[in-house]
């Protein structure tokens with residue numbers, strides 16, 4: 001039995017020896033990380049610098065892009081450090097910091113997507129009252145809640161895990177995971193398991209339930225409305241739904257892989273799929289641009305480079321709320 005204070009390191013057991021392909025993998029992962037940083041930073045800067053984009057939808061998008069930077073930075077630096085080395089270890093303090101960052105990233109992502117679905121619900125179902133319901137104060141309160149609440153909840157989760165007495169120090173993944181640390185405990189962890197289930201229900205199932213409810217209401221309005229209303233709703237909601245489905249798939253596979261024995265799946269494929277929600281989603285969101293947001297963002301980029309006799313040429317259209 002070894003206490004947390006006696007554990008000098010955790011071993012990440014999912015790494016395989018890539019042999020001569022080691023540096024190729026390093027370059028690929030570094031390229032993906034740089035692309036994530038550049039794409040999300042570019043869109044954050046564009047939204048911040050162009051007042052035409054200072055609307056609830058784009059402010060929520062900006063918060064989402066910041067979370068993609070946060071989540072990817074919690075993963076990729078450790079991956080880049082571990083690939084060239086032969087012994088894949090990480091110190092306990094850093095391991096718990098990474099757990100906090102990854103878990104809070106997932107929670108913030110789900111909450112932000114739920115808030116964006118609520119914003120679309122108000123925009124489509126209550127267009128005349130939209131500006132009243134979704135004012136500046138409410139926008140920033142929702143964003144603050146989507147960050148503050150997950151961070152506090154996950155911090156409590158970490159506090160419950162740190163004092164555990166451990167009988168092992170091998171985490172069978174390429175990054176730190178609280179679930180496997182709790183499994184390594186030498187005694188009953190009923191309190192940790194109960195709190196983990198509560199957190200999962202509130203932070204994951206809660207937002208998904210809200211998304212489901214809002215889209216049911218949106219569908220009712222679409223069926224009753226004209227073709228123009230249906231087309232507008234489709235353009236507004238389809239990319240958002242694609243983002244939700246993409247992220248939910250990645251998280252769902254990661255949960256299933258952690259809870260069930262998937263030995264029939266090749267080890268390399270398991271590793272790749274376990275990184276899906278942390279590597280693909282930060283690229284998926286800025287690239288898809290929620291379809292109807294593309295025009296405004298592209299025009300914003302164009303505005304930065306196109307001037308007419310020294311004055312900026314405003315090319316934006318104002319999308320209906």
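Using the three backbone atoms N, Cα and C, a Cβ is placed for every residue, glycine included.
Curation plays no part in TrEMBL annotations; they are all automatic predictions.
According to TrEMBL, the transmembrane segment annotation covers 23-46 (among others).
Annotation comment: TrEMBL describes 39-284 as domain 'G-protein coupled receptors family 1 profile'.
Packing against the transmembrane segment (58-84) from elsewhere in the chain are residues 12, 15, 18, 22-23, 25-26, 29-30, 32-33, 36-37, 40-41, 43-44, 47-48, 90, 98, 101-102, 105-106, 108-109, 112-113, 115-116, 119, 139-140, 142-143, 146-147, 174-175, 275, 278-279, 281-282, 285-286, 290, 293, 296: each is 6 or more residues past its ends and has a CB under 8 Å from a CB in it. Taken from TrEMBL, the feature transmembrane segment applies to 58-84 (among others).
What TrEMBL records for 96-118 (among others) is transmembrane segment.
Feature annotation from TrEMBL assigns transmembrane segment to 139-162 (among others).
Long-range contacts of the transmembrane segment (194-216) within the same chain: residues 106-107, 110-111, 113-114, 117-118, 120-121, 149-150, 153-154, 156-157, 160, 178-179, 182, 237, 241, 244, 248, 251, each at least 6 residues beyond the stretch ends and with a Cβ under 8 Å from a Cβ of the stretch. Under the heading transmembrane segment, TrEMBL lists 194-216 (among others).
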